């Protein structure tokens, strides 16, 4: 229990902690009789008697108290004046006015002043029973309220830990953030995380006073409790650690500022790989609700361990994928240059049908070269999808730059920005240019007319920016409009790679947007919708 007590027992209304009372009355004989009756009826009640109300505040500063019982009529200070003094420092401490002067006026005044309970003295012993019951109710309610506040605080700690876990990029930073956050929380004195390998515990991180540093061997009490949690895969708790047992126990450091310990197994990838040890200031720090919360913390740490391992695995695979893509593109392009060189030599002596075959070889070689560019962009998109490093990106400049490039690349096509809005910004990366480039190229490559007309419109509404790219080509049948976004899908007679719209769909999905095909009049309309920021 805490001193002078604006905090209560740690396990709510069902607490088995002793109830510590201070009883103030200027009648010493009545004090003795009341205290004797209460302690005889209730073994868990501890009472200290005071005849001078002025001494109560000093007592509360010094000792642990769950409730004040006060007479009303006292010569130096009445009970309501004492209540006012107590409330200045301990606004929620239970205060029972126990008086022989009974009236509705006094009862109303006491309630208005904030008294917890009002009990009238009387003949016989029934008023003692009533007093005891009112005291129990007041203490139980106060402890429950305090416990709810503590659990809300711990829930806040869990939220802080979860935020720290999201930032962690290594096991070391993960463990350090977790124990530091726990050790800084009011209910706890310190925290320790150890990993286990072949039955041996090894410190991964700890925080709090030096005396909360644990011993890793199972010969110490804390170490044994930690091993028990690992072996049993359940929370293990030791409470009510008395100062003399700390001095005598090799597992607890002499002078340590903790009175309870909870050990919680850490499960990652389906196996117990460590233990979380939390030290409590109070002798009853870890009730069922508290242990449930610590299990939640341990579960979150376990998920974060898995996430860090998965992230490292994905980063390794992304590096391998980028390396493979770079090597393959380099080798393919070298071979293409050799093929094109031989084509140039063949073209010098070719005639008629031979020249046509040479041109087909050149066209195919350049198509392969385009495929390597598409493959590079797809690899970059896939790698970005694993990392998801997005930032606010203005659509206007990127789109206008790609329209200008497309106009230079396709001299027989006309690109017109028919409608646009100023400054829409979306969460994206530099690959957004590839989205626009591939859609614009697709609008021309699938058009067999003498001159392609492509119209681009940009609108913004309801938190979305909509980019529409309309061509005057042959259009896409309704049953193929979803399939064209598949990998390797090519239109009839297309000179494209079959990768462009697949790349578009991959990137738009990364940006949490949508892309679809609509029918034009004539032609096709590609509609891209992206959320704005």
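Note that Cβ sites are derived from N, Cα and C of the backbone, with glycine treated the same way.
Note: TrEMBL annotation is automatic and uncurated.
In the predicted model, the domain 'Response regulatory' (20-136) shows an average pLDDT of 89. Feature annotation from TrEMBL assigns domain 'Response regulatory' to 20-136.
What TrEMBL records for 327-533 is domain 'Histidine kinase'.
Classification of residue 71 (4-aspartylphosphate) by DSSP places it in coil, neither helical nor stranded. For 71, the entry in TrEMBL reads 4-aspartylphosphate.
For the domain 'Response regulatory' (20-136), the DSSP counts in helix, strand and coil order read 56 helix, 24 strand, 37 coil. Cβ neighbour count for residue 71 (4-aspartylphosphate) (all protein chains, 10 Å cutoff from its Cβ): 24.
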